[in-house]
Amino acid sequence: MGSLPNLHELARGKLDSPVHRPAPIGGFGPIKLPPQPPLLAHTNRRVRSSGHHHALWHDNDAILEHMTTYSPISCRSARASALSCRRRESMTSSAGTSSVRRLIAAVRTTPSGPRPPRKVILRHCAALLLGHMTISAASLPIFPLQAGLGAFNSHLGPLLLALLYAIAAITSCFATIIVQKIGTNLITSISHLVTTIFVGTHLFPKWYLLLPSYTLLGIFATPTFIARTAHVNVTATNLTIVCTDPEDSDENRRDCILRRLNRGMKLAEDMGLALGCLIAVVIVKMIDPPPTNYLEDDVEDTCGAEYCPQETYLYNETLIVPPIPTNPAKILISLLLGLAILAFGISCAFLDSRMKEPTIGSERLSLSSHFKSIKQSFQDPKLQLAAPLTLFIGLEQGFIMGDFTEAYVVCALGGASTVGLSFLSFALLQAVAGVTLSMLLRHIRRYFVVAVGFAFHACLLLALITWRPAGDDPALFNVISAAWGVCNAIWETLIYTLLLGLYPASWQGPLSTSLFWKWLGLFLALGLHGLVCTRLRVLGLASMLLLSVVPYTWLEIRLAKRGKCLAPL
């Protein structure tokens, strides 16, 4: 280590000559060195890059003399500048940005104050999953029965659902601020109460009772979805804290728990739909007599792609199958109402008040900042490339609920039991495909999944155009419904993981805009029901599939090239 510099000599540093050294013993002050050779004569240049400056070393006596008074403190500023430049380069890299983004997400979702015990967290998680499954079983089977069969109000048919999704699309722009003002637990309980009212009004299906109930359910559709996602994030964070593993980092452990919880929530929703459809099939089979196909000879000429629903609306006497009789409908709605009441009781009794998103006073969004966030989400280039696929998800879900149910299942087979069986197979295969795909996304490229989904869905649409449905092969209807459930699981899993992977810390705005496009697609599919024949609707759906997959595939390829980390949730 070098000696400390001579402070007295540094104080007299205003001499004319640039280089001085102490005089020998007995001398009088510093002496001037002999003239030095030019820089290019005997110079060994070594450039040390530190971002913005270079150091030049000379192999001459002046440098050797300078090194005798060297101190490590003398170049501290240079080393600090070099380290700061390297740190900035690391922070601007894609890997560093992804790590910082995930760290911010973990910090924002980490609750302050006392940590709830593990038993409370597990009970809250079980209540969340069970409540979601029971409320799905109570409400979701009503949608295809009303959209495709007009089971509870044959005059309004799918128009009630079109109203529901139109209101849901409008309120999606305000959903984040609603959840912030009311709270996730209270939003969940209120939405279960609204769903209970929605199911109960079908016991007396008058238009003046159904319209308010469908409107209320549309208002709470997006806030419920956002509150449920917030519940999953908070539960994953708390489980990460209480479930310690010394061999795994906190970030990886939280991602793993978050994937499993999201997988469980989607599985609970699909199992709820399957349970509700199973109840509908059993009730109708036991009480309602088998349906009679009045136009059995003309099924192949009037059903399928050749079906034109406007003729049915103009001539009510040509209806092939009437809606569900009164007694089976009341028994079915009573059972579904019991499930809705059970879900409401679970949410009120077992959702813990400590399990909520931490909110800091300075981070609470005002109304203007909330609208600014929604506007930025609509203007985000990545979300704009994903918006057509989200719109297509709404269109294809509206098609399978309304057009496919009416033009294929009800027209060829008839009866509410066949609709229940069709959506039972739809829900079961969708559950299997969703769970399997969420695990496979960790090991395969996402754009490969897009290509498989596009090919599979395109083949289904081609089959619907060329297929002439007949009543002698009812199993084929269930196969097509199950295959459609697989395609729907592919698209929903891709969009949901894209949103939460790109925006782990600020997912509320992007999720609200994504739900807006999905609800808009459902509104268009159900609101325009009956205006054109089925063949034109299938062709339009195929065109929309192509127009939506192309920009989304481009987005996935760009993200893969940039090395964006999308956690498969």
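Here the Cβ of each residue, glycine as well, is placed from N, Cα and C on the backbone.
Worth saying up front: this structure is predicted, and the values here are computed from it rather than measured.
Annotation comment: TrEMBL describes 9-19 as compositional bias 'Basic and acidic residues'. Annotation source TrEMBL lists region 'Disordered' at 1-35. The transmembrane segment annotation in TrEMBL covers 125-147, 159-179, 186-204, 210-227, 267-287, 331-351, 383-401, 407-435, 447-467, 479-503, 515-532, 538-555.
Between the transmembrane segment (447-467) and the transmembrane segment (538-555) there are at least 3 Cβ pairs closer than 8 Å, counting only pairs 6 or more residues apart in sequence, which means the two stretches are in contact. Spatially, the transmembrane segment (331-351) is adjacent to the transmembrane segment (186-204); three or more Cβ-Cβ distances between them are under 8 Å for residues at least 6 apart in sequence. Most Cβ pairs under 8 Å with the transmembrane segment (159-179) belong to 515-532, among the candidate stretches 125-147, 383-401, 515-532.
Same-chain residues lying 6+ beyond the ends of the transmembrane segment (186-204) with a Cβ under 8 Å from its Cβ atoms: 131, 135, 138-139, 142, 152, 178-179, 210, 212-214, 216-217, 219-220, 223-224, 227-228, 231, 329-330, 333-334, 336-337, 340-341, 343-344, 347-348, 351. Just going by CB pairs under 8 A, the stretch in 125-147, 210-227, 383-401, 515-532, 538-555 that sits most against the transmembrane segment (407-435) is 125-147. With a threshold of 8 Å between CB atoms, the same-chain residues lying at least 6 positions outside the transmembrane segment (383-401) that come near it are 143-144, 147-148, 158, 161, 165, 377, 426, 457, 481, 484, 487-488, 491-492, 494-495, 498, 510, 513-514, 517-526, 529, 537-538, 541, 544-545, 547-549, 551-552, 554-555.
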